[in-house]
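**Student:** If you scroll down you'll find the structure; I have some questions about it.
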């Protein structure tokens, strides 16, 4: 049975709407003219104090006046890169999926569920946590775009699951993601900084997630693609990698802009924090990688891939890479699989997957419709 208060609220709303329409019909445009302000006032909400304490005008975003051209550059890149997983024919991968061993299928499900978890964090918490510290409305707009695309990425993995796997496999993978200690640890480490009160540290954590932590998972579909397996699934991952590379680049750029405004002492503090956090995440990621890939025999090359991308993340933040070249020599087949073009690596200007097509609009004339 509904609460009496709820019934009164519904009745009040119905009466208010009816009365408002009646008054509006009579040409009465202000509540004071009716003498019934209380009828229309939202119950339990006093906005007068808010209005009194917020005397500055609320501004609309103006894309004709942009303080930082990088915001428009990245906005155009992100919107130009827009894609949806439904347009990639993952069902074409069913024959090669069925040829994978049970362990390969299980690892694929676990890898993608781990990536789903990180995308969920970045879409619902990470990118959103950067909004309060944005310097302009344009920067805010870019962060909201990033948040949306992270949610698209998270849904992409569900599209892959429901196309290739059965319900027990899906349920097992999500249960594993909640029980795996190293996956949960890295998620909570990142969340702890998103929940903190230091905007620059939030950006560091975000870049390390975007440009480093994802890549232990990205290795698997690139490996399979280089062996002509799950090639359309790999196209989705390439689209995700293309987005993540822009996200890491942009957030890293904003970190560097903010860093220049700090004192030398504060800059040193943030650099030390960045490397300390990287080491902590790296140690955890090594254990996570061993847990996932040891039985497949891929672990050592995945570790090299991790170090390669850890250096990329540091570069995005304006720092020199940490790991020497000999420790980051990834299999050439993996690097070439990162892009549809064998001579490209993933970066700010990478292209999209070869199986993703959006139709082009064309002007029509009356003759086009004369059947």
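Yeah, the Cβs are placed from backbone N, Cα and C, and that goes for glycine too.
It should be emphasised that the depicted structure is a prediction, and the values quoted were computed from it without experimental measurement.
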**Student:** Let me know which member of 119, 133, 172 TrEMBL also records as binding Fe cation 1 at the site of 150, 153.
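**Tutor:** Within the candidate list, TrEMBL flags 119.
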**Student:** Check TrEMBL for me: it has 150, 244, 247 binding Fe cation 2, so pick out which one of 210, 280, 285 it puts in that same site.
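**Tutor:** Answer, per TrEMBL (Fe cation 2 site with 150, 244, 247), from 210, 280, 285: 210.
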**Student:** With an 8 Å cut-off on Cβ distance to the 150, 210, 244, 247 Cβ center, who else from the chain surrounds the Fe cation 2 site?
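**Tutor:** Near the Fe cation 2 site, beyond 150, 210, 244, 247, sit 122, 127, 146, 149, 153, 209, 211, 214, 243, 246, 248.
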**Student:** Cβ within 8 Å of the Fe cation 1 site's Cβ centroid: which residues qualify beyond 119, 150, 153?
**Tutor:** 115, 116, 118, 120, 122, 123, 149, 151, 152, 154, 156, 240
**Student:** By a 10 A CB contact count over all chains shown, which of the binding-site residues listed here is most packed: 119, 150?
**Tutor:** 150
**Student:** Sort the binding-site residues 119, 210, 244 by C-alpha distance from residue 157 (active site) and give me just the closest.
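**Tutor:** Of all the candidates listed, 119 is nearest in space.
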**Student:** Compile a sequence-ordered list of residues in the same chain as residue 153 (Fe cation 1 binding site), six or more apart from it, whose Cβ lies below 8 A from its Cβ; state 'none' when nothing qualifies.
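**Tutor:** Correct list: 115, 119, 123, 240, 243, 244.
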